[in-house]
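Undergrad: Per TrEMBL, the feature domain 'Aspartate/glutamate/uridylate kinase' maps to 7-216. Positions annotated as ATP binding site by TrEMBL: 12, 13, 14, 15, 55, 59, 162, 168, 171. The UMP binding site feature in TrEMBL is assigned to 54, 74, 135, 136, 137, 138, 139, 140, 141, 142.
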Ligand SMILES: Nc1ncnc2c1ncn2[C@@H]1O[C@H](COP(=O)(O)OP(=O)(O)OP(=O)(O)O)[C@@H](O)[C@H]1O
Ligand SMILES: O=c1ccn([C@@H]2O[C@H](COP(=O)(O)O)[C@@H](O)[C@H]2O)c(=O)[nH]1
């Protein structure tokens, strides 16, 4: 019997990865695969909170938002994360998991509002909490929401599950000669302007001494390996 390395984690799931091979939206097989990974670690007894991005639907800084008022576009982006959160929670329900969605912006007819003590209660009860609508503020991202909520719930680590398998010297999708770090400090990641996460998220985690693990959501078994403390992805540390 193996023991997970963490009791409570904040998992940041890539919204963009939800598209799978589609051009837009939520790919059914992809979301089911993600949920199967989540179920595996939930069954290990790890308390799990999730933030999911919105890049598969809308980003305030995307070309499609050009010409729009930035704050308005960002609110649209936050609503996109609500849709992804609802889809994720529903897929988890179908897989036999109990999830609760909590929104940072008030849409009570759709999802319950984010209330920190309630979120902590759900986690203690073994429910999976999905934090929707990012931080609730424009000019931020869901990476920063993951850093913020991770800090608030006392997570031991933020797990950033994305389309690449770690932090590289440059964007590996644009520079094939880029090499992967096994680990890197927050200060170095910020100083080198590594774009895998935004600097606000890095700075908040650094100040809160909350490590981040960046790893591939596409690689089978990677999430479990990370939770078991195996050498997987890139650790970003103080
Ligand atoms: N130095 C780097 N190392 C690794 N990836 C990088 C780097 N610089 C840029 N990237 C890019 O950052 C992307 C991950 O961040 P991004 O926030 O865009 O996506 P995400 O979090 O997976 O999606 P979403 O915002 O929809 O949740 C990777 O797919 C990669 O192409
Ligand atoms: O706190 C937040 C979180 C998100 N947004 C907006 O939503 C989109 C989608 O989030 P991603 O992290 O890019 O997946 C983001 O581009 C912002 O437009 C926000 O304003 N505030």
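Cβ coordinates are placed from backbone N, Cα and C, and glycine is handled just like the others.
A quick note: this is a predicted structure, and the numbers were derived from the prediction, not measured.
Could you tell me the structural context for the features on the list?
TA: For the domain 'Aspartate/glutamate/uridylate kinase' (7-216), the mean pLDDT of the prediction comes to 97.
Around residue 55 (ATP binding site), the same-chain residues at least 6 positions away in sequence with a Cβ under 8 Å from its Cβ are 14, 15, 16.
Shown in sequence order, the list is empty: the chain has no residue 6+ apart in sequence with a C-beta less than 8 angstroms from the C-beta of residue 137 (UMP binding site).
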Undergrad: Could you check what DSSP calls residue 162 (ATP binding site) once collapsed to helix, strand or coil?
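TA: Assignment for residue 162 (ATP binding site) reads strand.
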Undergrad: For residue 12 (ATP binding site) and residue 135 (UMP binding site), determine the Cα separation and express it in whole Å.
TA: 13
Undergrad: Tell me the Cα distance separating residue 54 (UMP binding site) from residue 171 (ATP binding site), rounded to the nearest angstrom.
TA: 20
